[in-house]
Amino acid sequence: MKFDFSYFISLFGQLLPFVPVTLLMAVVSMALAIVLGLAITLLELSKIRALRLFAKFYVSLFRGMPTLVQLFIVYYGLPQIFPALRGIPAMLAALVGLGFKESSYLAEIFRAAIGSVDEGQIEAGKSLNIKSSKLFFHVLLPQATVNALPATGNTFVSLIKETSLAFALGITELFAEGRMLAGDSFRYFETYVAIGLLYWAVIIIYSWLQGILEKALQKPYRRIAYVTNQSSEPIRENRSEANLETN
């Protein structure tokens, strides 16, 4: 069987309407993951040992469990234990399962990003009697956001690809529609190549947008670094002149 180029081209028109479904799933799941990940990060940084242990258990559990297993637990398992969850929409189950999964990765990313911020800035703020909440939102969080953005973006890229697992719950997104088209036509190679190219295109566009956002967020800090370097130049020149005079 030869590669059917005309059928390959026609696939894009049939698959493109399902790209927004995949993106919607990824965005909503990511939003949930960010909220949960930040909450778990705060628990990890808590002074209460029980909260720190719970956060470590949460991260270990959801990182160590396959994504598909988590989706099945949410959609098929939980309704057996909690009858009120019977009839839960497959889309909601997928969003919750993916959100909890990715939050375990984001919690570690956020913790590392917060830890990378110079503690001297926090100590200086406390010495000036600035409230802890203001220090967190105006000093710590902006810098941690810049530090966490690249790794968070990589997590979102992985999440876009993991939405393809939602087909196991009966959700018709990009991958599920492609599987049905391949089954109807028996043109598996053309169909799966088209699906792969669409995922690739989405990720390329997102990576480009992320790069723009990273540059925008880093711009104020580059300006501060430039001003700091410029202001230190006269000091260096004065020291050099003083050394020459001494010699």
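Cβ atoms are placed via backbone N, Cα and C, with glycine included.
Look at TrEMBL and you will find 19-210 tagged as domain 'ABC transmembrane type-1'.
What TrEMBL records for 20-45 (among others) is transmembrane segment. Through the fold, the transmembrane segment (20-45) approaches residues 51-52, 54-56, 58-59, 91, 94-96, 98-107, 109-111, 114, 152, 155-156, 159-160, 163-164, 166, 171-175, 202 of its own chain, all at least 6 residues removed from its boundaries and within a Cβ separation under 8 Å.
Positions annotated as transmembrane segment by TrEMBL: 57-78 (among others). Distant neighbours of the transmembrane segment (57-78): 40, 44, 85, 88, 90, 93-94, 96-98, 100-101, 103-105, 107-108, 162, 165-166, 168-169; these residues of the same chain sit at least 6 beyond its ends, with a Cβ under 8 Å from one of its Cβ atoms.
The transmembrane segment feature in TrEMBL is assigned to 189-209 (among others). Within the chain carrying the transmembrane segment (189-209), a Cβ under 8 angstroms from the stretch's Cβ atoms is held by residues 3-4, 7-8, 11-12, 15-16, 19, 22-23, 153, 156-157, 160-161, 164, 174-175, 178, 181-182, all 6 or more beyond its ends.
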